[in-house]
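**Student:** Here it is, the structure in full.
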Amino acid sequence: MAAIKEESDYDSSRSSLTAPDSRRSWISDIGSSSSVSARSFGGDTPASSCRYKPHKANQAEWEAIRRLRAGAGRVGLEHFRLVRRLGSGDLGNVYLCRLREPWSSSSMTTTAGGCLYAMKVVDKDALAFRKKLRRAEVERDILRTLDHPFLPTLYADFEASHYACLVMEFCPGGDLHVARQRQPGRRFTVSSTRFYVAETVLALEYLHMMGVVYRDLKPENVLVRGDGHIMLSDFDLSLKCDVVPKLLRPARSAAAGGKPPLPPPSSCVPPTIQPVLSCIFRGVHKCHHAKECAGGGAAAGNNGDGDGNDEEAETETAEPEVVVVEPVAARSKSFVGTHEYLAPEVISGQGHGSAVDWWTLGVFMYEMLYGRTPFKGESNEKTLINIIKQPVTFPRLAGAAAAGEWEEMKTAQDLMLQLLAKNPKKRLGSTMGSAEVKRHPFFKGVNWALVRSVRPPEVPAPPAPAPKKVMTMSKKERQEPYNYRPENHFDYF
């Protein structure tokens, strides 16, 4: 992932590296200033901030953590048994883990051996040296605020020596990049793509309402839960901004060439995450627009002195007003993301906002349908040049017409073209956010309120029971867990 110095992104370095176990090069240097202490990560999340969350209140994982915190007074690394490493990234490693006895036993637990969790472990001293500690803090602060079916649940966060640990839910289905490799032709069908893209849109919509610009959407970061629904992951590249609720009328003038009013500018703020969205909008009144007539005529001759019939007709035909609570005017100049997913405005350094998430949604959708990204070149430099200069092209898929996908594919291509508009001001979603994207014909028939009730294209098999063999880590392995590749099962201490 890539980033350049930008004050609102808390960056003070420029570094380039390739993350392990990644098929794409990453560039990233959103770090922390040298004044940020490696000990500023904080201890275990207080019980008050680990409240029951509406979407996860009945989970066995929540109940087990609640009982642990009530009995032990805190949650720490000593309460967990690490099973195996799930993956690694720029900041640290993620381990599959479960609670130790007696905390693992629960009447709500259905998994053999207790509830499974994913624990992200980062070395604070190493991140402070690389000036990237702030990124880890941003991710933690964002995770603490999230409560959405398609976003991670943070069960606990704590420190162990110079390590910071985030305990989140485990997704046994892997990620969509791996899932795509299993599909015929290594691509998803249009119907499967619609399902995953729709859930991703809802996740982005919620993030934007919370003032979070994700900036790292790609199949590798879209995980599959045990029920087959998705979960976005990795928020260390996200940008936190203010959002101001706005009531806007969709551009009925889309055909007439007009534009709806823009919301007031958003301001980027340090990630002391405080949700600014209120359920009660005060002082917001509907705007009654005068009817616009092209070329004069009888309506123009009225001069607004009619008997009100025109106003009633306008009310009947006008698009309903939409509440827009998204950082559509947020601006950042950080160079952050994965090469193949970078938006043109990020590459050019002109400054970017939440529209970059809709660009990456277009690239994400393209890769799901065609098995590759639209602008990939022979090198990273060529890829960036293609993003800036080359138009979007769509390869012909053998068997698409026979499978009855041709018309659906044309609608999907239209959506991708609008999402991949190089001018962010003309990009779908740049003005009214997710409301514009959800209205596209590609999503015709999608009941957005009941997406969670739709059967996913694939439901992963239950995770296999953990092996009985237990390995004890050496002192060196305890001190450097990020360099240790466990084979089966081990005790951390």
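Just so you know, glycine gets a Cβ as well, placed from its N, Cα and C.
Because the structure is a prediction, the values reported are computed rather than measured.
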**Student:** Between 242-277, 458-493, which stretch does Swiss-Prot give the note region 'Disordered'?
**Tutor:** 458-493
**Student:** Sort out the sequence-distant neighbours of Val94 (ATP binding site) for me: same chain, 6+ apart, CB within less than 8 Å of its CB, listed by position.
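**Tutor:** The list for Val94 (ATP binding site) reads Arg85, Leu86, Gly87, Ser88, Ala118, Met119, Lys120, Val121, given in order along the sequence.
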**Student:** If you draw a 10 Å sphere around the Cβ of Asp90 (ATP binding site), how many other Cβ atoms fall inside it, taking every protein chain shown into account?
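**Tutor:** I count 23 other Cβ atoms within 10 Å of it.
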**Student:** Tell me, by DSSP, whether Asp216 (active site, proton acceptor) is helix, strand or coil?
**Tutor:** coil
**Student:** Average pLDDT across the domain 'Protein kinase' (80-443)?
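**Tutor:** The average pLDDT of the model in the domain 'Protein kinase' (80-443) works out to 80.
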**Student:** Validating a neighbour-count step here. Other CB atoms within 10 A of the CB of Asp216 (active site, proton acceptor): how many?
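**Tutor:** Taking every protein chain into account, the count is 24.
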**Student:** Within 10 Å of the Cβ of Gly92 (ATP binding site), how many other Cβ atoms can be counted across all chains shown?
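**Tutor:** By my count, 23.
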